[in-house]
Structure formats: C-alpha cells, structure tokens
Amino acid sequence: MKLWIRNANFTISLSLTLLRCLGFWSPDGLAGNKRLLYNCYSFVFFMFLLGIYILIQVVDMIKIWGDLPLMTGTAFLLFTNFAHATKVINIVIRKNRIQRVIQQANAVLMGVQSEEARRIVKSCDFETSIQLCLYFLLTFVTTVGWATSAEKHQLPLRAWYPYDTSKSPAYELTYIHQVAALLIAAYINVAKDSLVSSLIAQCRCRLRLVGLALASLGQDLKIDYQSQLSPAQENILNLRLKTCVLEHQTVLAAVTELQACFSKPTFAQFTVSLIIICVTAFQLVSQTGNLVRLLSMGTYLMNMIFQVFIYCYQGNKLSVEAYDRH
C-alpha cells in the first residue's frame with residue numbers, strides 16, 4: 001500500500017496522504033479483513049482525536065452551564081471539534097465522489113504540453129502551497145501556545161474527566177492525550193480545508209487552461225495567401241473547439257460536484273467559525289494575565305479568520321474565472 005498519494009498539486013498530495021495515514025482516506029482495492037482493519041483503525045483514531053474530546057466537553061458544558069467565562073472557554077473548542085467531526089465524516093462518506101474529481105483534474109493538469117500551460121499549473125501549485133504554509137504556521141503557533149500555557153497541575157484545555165486529573169499519573173497521561181490529540185487534530189483540520197480550497201483552485205486552473213487553448217486555437221495552422229483555411233484545417237479547428245467546449249463543461253460539472261460534496265459542511269464551518277471568532281475575542285479579554293495564552297488565543301483568532309478567507313478567496317477567484325472570462 002502506497003502512503004504518498006501523487007498529484008499535480010503538492011497541497012492535495014500532502015492533504016490526502018495525511019488523511020490516509022490517519023484512517024480517513026482508505027486505499028483503493030481494500031476488501032475483506034483488510035477493509036475491516038482499516039475501518040477499525042479509522043474509528044480508533046477518530047475517537048482519540050475527536051470523539052473523546054466531544055463527549056467530555058459536552059459533559060463539562062452541562063456542569064458549568066450559566067458561568068459565562070467558563071462556558072466560553074469550553075464552547076470555542078467544542079464547536080471547533082463538532083465542525084471538525086462533520087468534515088471528517090463527510091470526507092469518509094463521500095470519498096469515492098471526491099476521488100473522481102481529484103483523478104479527473106489530476107489527469108488534465110499532469111498532461112499539459114505547452115510551456116505556458118505548465119506555467120499556469122505551477123502558479124496554481126505555488127499559490128495553494130503558500131496558503132498551506134501560512135495555515136500550518138498559524139496552527140503550529142496556536143497549538144504550541146496552548147500546550148505550553150497551562151499552569152502547574154492544570155490541563156491545557158478545559159474539559160470534564162471521570163477521574164481526578166490533578167494526581168499522577170492521571171495528570172501526565174491526560175496532558176499527553178490532550179496535547180497529542182490537539183496537534184494531530186489541528187493539522188488534519190488544516191489538511192481538510194486545504195484539500196477543498198486546492199480542489200477549487202484546480203478547477204480555476206483548468207478554466208485558465210481552456211482559455212489558453214481557445215486563445216491559441218489556430219496558432220500553429222498556416223493560412224494561405226487568401227486568408228482561408230483548408231478543409232483539413234477547418235476539421236482540426238472544429239475538433240479543438242469541441243475539445244475546449246467539452247473540457248469547459250467538464251470543469252463546470254466538477255464544480256457542481258464539489259459544491260454537492262462540500263457545501264453543507266462548509267456552511268456549518270462558516271457558522272461555527274463566526275461563533276468561534278466571537279467567543280475567542282471574548283476569551284482574549286479574560287486572558288490578560290497569561291501572556292502565552294493570550295498570544296495563542298490571538299493566533300487562534302487569526303487562524304479561524306484565515307480558514308474562512310481561503311474558502312472565500314478561492315471561491316471568488318473561481319467565479320471570476322468562470323463568468324468574467326468565458
């Protein structure tokens with residue numbers, strides 16, 4: 001089984017590989033006991049990363065109901081984990097549909113011939129890679145800040161546990177679980193968001209390639225002294241034009257498929273992000289005594305804003321490419 005998934009876009013390769021390693025993007029051809037083992041592996045990782053967190057934070061929310069400062073401290077992580085779980089489940093359920101879009105786009109982008117077309121593909125790859133690096137950087141600073149901001153015998157993140165977390169070795173084990181699950185879940189969340197935004201960027205890239213093909217439709221054809229095309233040249237032009245039209249329709253169909261696969265989870269993400277941005281801003285006011293915590297909450301706020309930004313940016317660019325140029 002190959003772990004690294006090759007794609008014309010590095011961000012998609014990295015995102016899919018990370019999802020596969022953590023059990024959320026099953027390899028093709030798994031059947032029988034191998035399929036069962038992979039599903040068990042996926043469930044264990046899901047519970048380790050999100051399931052346990054959601055349960056203990058729901059209980060904690062019930063126990064502290066009415067205490068606004070404590071509720072906001074639990075709410076922003078609870079909402080984050082709910083949105084995260086929704087996106088994970090959506091990718092697992094719709095894996096085959098998403099994979100068809102990925103394979104179709106990859107075949108087109110890997111098969112470009114001209115230097116200008118390769119430049120367009122590389123520019124798309126560079127843009128999404130820069131966004132991925134910025135997203136990873138913000139996430140890294142946030143998670144490290146949370147992990148190191150806990151006071152003595154206190155956990156980094158507020159949650160309820162059915163045992164005394166202030167005593168050894170329960171404290172150390174719970175601390176390790178929180179930090180490990182936080183780091184892995186944060187990066188898998190980056191991978192999922194980057195995957196969706198990069199797929200949108202690839203659709204935009206394919207539309208630019210269609211525009212390039214239309215602009216150079218008859219560039220290599222020699223016209224006679226009467227500025228007329230021969231019947232053979234007309235057939236070539238008709239075939240090329242037909243190919244461009246079919247590719248344009250295929251890209252629009254891919255966009256529609258992406259919308260069907262990701263519109264509801266993305267709407268849920270936007271709703272949760274708006275709530276989290278407000279809750280995090282409230283938390284910033286109450287964290288003035290802990291500088292590390294204050295900085296990590298600030299980067300978390302930037303992280304959530306950037307998460308919304310990449311969807312808006314790529315969606316707007318796709319709309320401009322689809323309707324203003326074609």
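Easy rule for this one: first residue shown is 1, then count along the chain.
Backbone N, Cα and C define each Cβ position, glycine as well.
Worth saying up front: this structure is predicted, and the values here are computed from it rather than measured.
The list of residues near the transmembrane segment (36-56) in space but at least 6 beyond its ends in sequence, with Cβ under 8 angstroms from a Cβ of it, reads 22-24, 26-27, 30, 77-78, 81-82, 84-85, 88, 92, 159-161, 177, 181, 184-185, 188. Taken from TrEMBL, the feature transmembrane segment applies to 36-56 (among others).
Per TrEMBL, the feature transmembrane segment maps to 68-93 (among others).
With a threshold of 8 Å between CB atoms, the same-chain residues lying at least 6 positions outside the transmembrane segment (132-150) that come near it are 10-11, 14, 156-157, 175, 179, 182-183, 186-187, 189-190, 193-194, 198, 290, 292-293, 295-297, 299-300, 302-303, 306-307, 310. Taken from TrEMBL, the feature transmembrane segment covers 132-150 (among others).
Listed by sequence, the residues of this chain that lie at least six past the ends of the transmembrane segment (170-190) yet keep a Cβ under 8 A from its Cβ atoms are 18-19, 22, 24, 48-50, 52-53, 81, 84, 87-88, 132, 135-136, 139, 142-143, 146-147, 150, 153, 155-157, 159, 161, 163-164. What TrEMBL lists as transmembrane segment is 170-190 (among others).
Within the chain, the transmembrane segment (267-285) has long-range Cβ neighbours (under 8 A, six or more residues past its boundaries) at 72-73, 75-76, 79-80, 82-83, 86-87, 193, 294, 297-298, 300-301, 304-305, 307-308, 311. The annotation transmembrane segment is assigned in TrEMBL to 267-285 (among others).
Listed as Cβ neighbours of the transmembrane segment (291-313) (distance under 8 Å, sequence separation of 6 or more from its ends, same chain) are residues 76, 131, 134-135, 138-139, 141-142, 144-146, 148-149, 193-194, 196-197, 200, 266, 269-270, 273, 276-277, 280-281, 283-284. According to TrEMBL, the transmembrane segment annotation covers 291-313 (among others).
When Cβ-Cβ distances below 8 Å are used as the criterion, the transmembrane segment (68-93) is approached by residues 19, 24-25, 42, 46, 50-51, 53-54, 57-58, 60-61, 157-159, 185, 188-189, 192-193, 195, 261-262, 264-265, 268-269, 272-273, 275-276, 279-280, 282-283, 286, 300 of the same chain, each at least six residues removed from its ends.
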